[in-house]
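Annotated active site, nucleophile per TrEMBL: E286, in sequence order. Per TrEMBL, UDP-N-acetyl-alpha-D-galactosamine binding site is recorded for F101, A102, V103, Y109, D194, V195, D196. The feature Mn(2+) binding site is assigned by TrEMBL to D194, D196.
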Amino acid sequence: MGITKVHGLAILLTAGITGAIWYHHPFSPARDREHAASPAEGSVLCRKTDLDETSLLLPWRQDVLVLTPWLAPIVWEGTFNRDILNAQYLQKNLVTGVVTFAVEKSLRYVQFIEGFMRSANKYFLAGHHVNFYLFTDSPKKISHLQMAPENHLFVIPVQNDRRWQDIPTSRMDIISSYIHSQFQYEVDYLYSVDVDVQLLADIGVEIIDALVATISSWQITSQIENNDHETHPESQAAIPEGHGDFHYSASFYGGSVSEVYKLTRACSEGLMEDRENGIEAWWHHERHLNKYLLHHRPTRLLSPEYYWDTELSPSSIQVKRMCPVRKDSSRQAPETKNVKPLLFTAPLN
């Protein structure tokens, strides 16, 4: 039987999408050649970290969205082969950093350090070299934590801000400053993770890419009818209604050290400008993060598996890799107006 026009179109479409995934994967040689040909930035932050080889995603899941409109992959359980990725990652002798903040005053985040570190030491890039950078205003209260041989914990003292709302503002500035002065010389990739979380399953090298964002777990529910992005027209975080792509969580994001530097520096500048103008965006750095990622789209998206809000029904998620630890505070779930449940392409049984 001959190939019909419809079959031919389907073949071309599949080939095009596969090629896009190949190119956007961090192991792609095409991306290496492009970076090698690109002029170097006028900064020591342009150290090359992309991996050379390629490993395509596994056959696509039919129940979820696995590719963005700009052809960046969305990582779900069942869309990658971690054994292949681990082997390729190890060949590069890369170091990944994790930045987290624990403040004793206000919301008393110090209480979450031991639980976070024990679970991250077990599940975050297990078997690979990871530097954990813990910023805290109470370094003397940190008990000794037994780390895996390949992991290292660095406790960095910081001055506590008077209001807990200022902590996210300061966090972006601190991260960008430390990248410039220290982290760029010590790690190839850097991820920011909230300390009040527990890792429940492996988070491996499938997260590695130039610019990585985690889709909010509230994106897949329509039970909240509020506002997902900052709409105050004078805020630097303002996104006109209907112009956002996904809503990204500020609880887990990262990428290459150079991309995270650009992201945190831009967000910090926006936060400072808003503060000078008497404007404080709701959910602060998350709003500015979403504004930045609208204009600098992520090269890889992590599905809500990678930060799942336990208030939501677990039936739609195969694996919950990281979840927040509930605490007594006035902090509530982010508003999500006009966020449609776009991630699922068919009803789940």
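The first residue you see is number 1, and the count goes up from there.
In case you wondered, yes, glycine gets a Cβ from its N, Cα and C as well.
Positions of the features from TrEMBL, shown on the structure.
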residue: F101; record: UDP-N-acetyl-alpha-D-galactosamine binding site; Cβ within 10 Å: 23
residue: A102; record: UDP-N-acetyl-alpha-D-galactosamine binding site; Cβ within 10 Å: 26
residue: V103; record: UDP-N-acetyl-alpha-D-galactosamine binding site; Cβ within 10 Å: 21
residue: Y109; record: UDP-N-acetyl-alpha-D-galactosamine binding site; Cβ within 10 Å: 23
residue: D194; record: UDP-N-acetyl-alpha-D-galactosamine binding site; Cβ within 10 Å: 19
residue: V195; record: UDP-N-acetyl-alpha-D-galactosamine binding site; Cβ within 10 Å: 22
residue: D196; record: UDP-N-acetyl-alpha-D-galactosamine binding site; Cβ within 10 Å: 23
residue: E286; record: active site, nucleophile; Cβ within 10 Å: 23
Length of the line joining the Cα atoms of D196 (UDP-N-acetyl-alpha-D-galactosamine binding site) and E286 (active site, nucleophile), in Å: 16
Span of the UDP-N-acetyl-alpha-D-galactosamine site, taken as the largest CA to CA distance across F101, A102, V103, Y109, D194, V195, D196 (Å, rounded to a whole number): 11
Cα separation, E286 (active site, nucleophile) to D194 (UDP-N-acetyl-alpha-D-galactosamine binding site) (Å, whole number): 12
Between Y109 (UDP-N-acetyl-alpha-D-galactosamine binding site) and E286 (active site, nucleophile), the C-alpha gap once rounded to whole angstrom: 18
Rounded inter-Cα distance in Å - F101 (UDP-N-acetyl-alpha-D-galactosamine binding site), the residue listed as 'active site, nucleophile': 15
